[in-house]
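Just below is one structure, and these are the notes that go with it.
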Ligand SMILES: C[S@@+](CC[C@H](N)C(=O)[O-])C[C@H]1O[C@@H](n2cnc3c(N)ncnc32)[C@H](O)[C@@H]1O
């Protein structure tokens, strides 16, 4: 598999925005660097015009400088070991890779070997989703994780006592990586599905539905998510900016969901909706 590497130097606060925009067009791995980000995409996945459009849009405001290179083979584990530090969410959750030291003083330890999937807790949206999950009763509940990435939110649900968990993602790498992470966290009974919510078509209703994806997908699939939430159950949404809250809320309200909590970090937002 031939990969392209783009070494992008950019000013803050544009690093996160660049990651989000490039992820939208198929970039599947990012490393934070002192100058900005290194972004990776499979060569046959790159649509030059879409890429150029993003670069042109932020060129000036973010003072972008890009160096492009080709990589025949990437040792992602080695890359991650160099760049991936453990993180904490509040004082109860510790997210680490298997090569990091355990920290038993944390109540919930999540093991994630991320490879190329999004979702280590480093991104604000993952962090916000976990923070919301910590405030929700998961005990004995049925939980659905849509756009599960590394599987981190499904794993958090399991640690919080969920009884039945389903998770899926459209990305083949996430499916492989998710299963590995489920195994690492003693969840071999859960397997990551592949596809969109319409393709996977989960059966029945769920107490908690988690969807950290992006604005367009959330708007497009909101009707399906809402239908999957039990009466009295919750829908947690993230993957959009604070300035998009009104659009997301309007759509969720239109399908009968009511806002019960809202958090933001680094300009990203996460909402907790409830079906009355
Ligand atoms: C922002 S990441 C979130 C990953 C993880 N849930 C977390 O919170 O860290 C979004 C994930 O959604 C996946 N995705 C994008 N569009 C999707 C869709 N329509 N259905 C399911 N997954 C999708 C991407 O492949 C990516 O892994």
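Heads up, the Cβ atoms here are built off N, Cα and C, so glycines get one too.
What TrEMBL records for the S-adenosyl-L-methionine site is 126, 147, 169, and among 113, 185, 201, 212 the residue it adds there is 212. Note on residue 169 (S-adenosyl-L-methionine binding site): other Cβ atoms within 10 Å of its Cβ, all shown chains, come to 27.
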